[in-house]
């Protein structure tokens, strides 16, 4: 049942209340940004093409704020296609209207139109990011969100001498819209990108790239905070810096116990705050590669994939220790493309900080248990024009994906409006299953090919305050980065093989598990998360491999209003885009 409707005048009043609520006396501010979506020519790998950008920048502008601020972003669509923007990892308390996923919480912003997002920062502190949430547009429409501690507080680690956003991404020589259209027409997988990138540059190992390679100037003895974001569409990535170790101090804008490692593995959608100490041996090399390499779990002979390594250069510039030399040193500790043991060894070491200023509150009593199978499937081809369709699909079908054997179908109007106006009937069904409709054990398809699934717009409705445990159970042969809008969650467990309800919960970490918004579920394995459904609204959950979103590896949580005004969804803004 939807929330009661309020006229525009009451929305204006609610906006005043909202500003007061997020700007109390402790010094939080309202910050304003204008984003202009435009087509801009860029050249990479000797190819020039027109791409969608924000303010002509690729990556887009960085948003700077402090914990608890309100960020107002007016998005002007001067491009040639519909678009929306999502504020990835921002909980948006009571405010799904500004969350951004197309046809989930809003209709897209049409060319020539604009929409003003109210980005409510609450408990987030660290690095997040924003990106387009329509089609494959986020390949070039994305940027960092840097959230500093509240005034009067500081980092729970030594203050860095400098902060550096490091955005990992991908570049296609072809128009990204053509890449998506081709895959949908032919029913096959998406063509792999032509290069991985670091801050939109592939690095000097690629043609026509040497002069523009991203460089980081450092001085001996200084500490640098790298704000690392995986903005890629299709790949997990390993990241390392030659001659240096890295200390992870945060993930998804929540602090972690300091973890010093030789490399990190970061999934699409995830962010990590990493300290780099510039401590090289005197007289040694003064130039070092930072490198980002694809991590893939699929059999390498099954699909085309991007086997590239993006590079940037860390250069010591202080006169006492620096000496120009030949080529930069390469990070020999960077794991191989299919090193699953290295990936698991890294992610299982992450722990929440859990101090007095940043406590851990893991729910110990669970109200709603969900076991969600993740799978790659097929759907029948459109019987019309068979000569052109499904030429590249498996066994004459087209690729699909599912959660609990339901391949999500986006509605013609957004789910949030349908819920708000109590008109969900005919738009969505409230029967997303808590368990798989067809359970497969062992969690592989035994080489017989993908299984047929079914389409549906099924959502899961939760009472306000419900404690939810979701066990993601991966039936496929690749990892899946599962992202939940509107919440951070505790990753209480993970493992290989089939999840055992009688045995595996005993292995959970309920003391200091990492607090994330995106979790990498291991292939043919499982990951368990817990969260409290105390944010009323409509919230998307999906794989952050974008082709899997298009294929249907998604669902929606609807969290009902609580009893008090502070536990109820904000009213609908009067200027929402129309479908």
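Glycine residues also receive a Cβ, built from the backbone N, Cα and C atoms like all the rest.
What Swiss-Prot lists as Cu cation 1 binding site is 86, 483. Remark: residue 86 (Cu cation 1 binding site) has 99, 100, 101, 130, 131, 132, 133, 485 as non-local neighbours, by Cβ distance under 8 Å and separation of at least 6 in sequence.
Neighbour list (residue 544 (Cu cation 2 binding site), Cβ cut-off 8 Å, at least 6 residues apart, same chain): 267, 268, 269, 481, 482, 483, 518. What Swiss-Prot lists as Cu cation 2 binding site is 88, 131, 544.
Sequence-distant contacts of residue 542 (Cu cation 3 binding site), defined by Cβ-Cβ distance under 8 angstroms and a gap of at least six in the same chain, are 408, 482, 483, 548, 549, 553, 554, 555. Annotation note: residue 542 (Cu cation 3 binding site) sits in a strand segment as assigned by DSSP. Residues or ranges marked as Cu cation 3 binding site by Swiss-Prot on the basis of similarity to another entry: 133, 485, 542.
The number of other Cβ atoms within 10 Å of the Cβ belonging to residue 543 (Cu cation 4 binding site), over all protein chains shown, comes to 25. As annotated by Swiss-Prot, Cu cation 4 binding site applies to 480, 543, 548, 553, with the evidence given as similarity to another entry.
Helix, strand and coil counts under DSSP for the domain 'Plastocyanin-like 1' (36-152) come to 6 helix, 59 strand, 52 coil. The domain 'Plastocyanin-like 1' feature in Swiss-Prot is assigned to 36-152.
The domain 'Plastocyanin-like 2' annotation in Swiss-Prot covers 162-319.
The annotation domain 'Plastocyanin-like 3' is assigned in Swiss-Prot to 436-563.
According to Swiss-Prot, the N-linked glycosylation site annotation covers 41 (among others). Residue 41 (N-linked glycosylation site) is surrounded by 10 other CB atoms, counting those within 10 A of its CB over all protein chains shown.
Within 10 Å of the Cβ of residue 82 (N-linked glycosylation site) there are 18 other Cβ atoms, across all protein chains. The annotation N-linked glycosylation site is assigned in Swiss-Prot to 82 (among others).
Feature annotation from Swiss-Prot assigns N-linked glycosylation site to 114 (among others); the stated evidence is sequence analysis. Sequence-distant neighbours of residue 114 (N-linked glycosylation site) (same chain, 6+ residues apart, CB-CB distance under 8 A): 74, 75, 76, 77.
In three-state terms derived from DSSP, residue 307 (N-linked glycosylation site) belongs to neither a helical nor a strand segment and is classed as coil. Annotated N-linked glycosylation site per Swiss-Prot: 307 (among others), in sequence order, evidence recorded as sequence analysis.
Residue 405 (N-linked glycosylation site) has a Cβ environment of 20 other Cβ atoms inside 10 Å. Annotated N-linked glycosylation site per Swiss-Prot: 405 (among others), in sequence order.
Per Swiss-Prot, N-linked glycosylation site is recorded for 446 (among others), and the stated evidence type is sequence analysis.
The number of other Cβ atoms within 10 Å of the Cβ belonging to residue 496 (N-linked glycosylation site), over all protein chains shown, comes to 13. In the three-state DSSP scheme, residue 496 (N-linked glycosylation site) is classed as strand. Positions annotated as N-linked glycosylation site by Swiss-Prot, on the basis of sequence analysis: 496 (among others).
The signal peptide annotation in Swiss-Prot covers 1-27 and is backed by sequence analysis.
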- Item | Three-state secondary structure, residue 483 (Cu cation 1 binding site) (per DSSP) | strand
- Tell me, how many other CB atoms lie within 10 A of the CB of residue 133 (Cu cation 3 binding site), whichever protein chain they belong to? 28
- Item | Rounded distance in angstrom between the Cα atoms of residue 88 (Cu cation 2 binding site) and residue 41 (N-linked glycosylation site) | 26
- Taking the centroid of the Cβ atoms of 133, 485, 542 (Cu cation 3 site), which other same-chain residues have Cβ within 8 Å of it? 86, 99, 100, 101, 104, 483, 540, 541, 549, 554
- Message: Let me make sure I understand the structure: which of the binding-site residues listed (88, 131, 485) has the fewest other Cβ atoms within 10 A of its Cβ?
- Response: 131
- Query: Sorted by position, what residues of the same chain at least six away from residue 307 (N-linked glycosylation site) have a C-beta under 8 A from it?
  - Reply: 294, 337
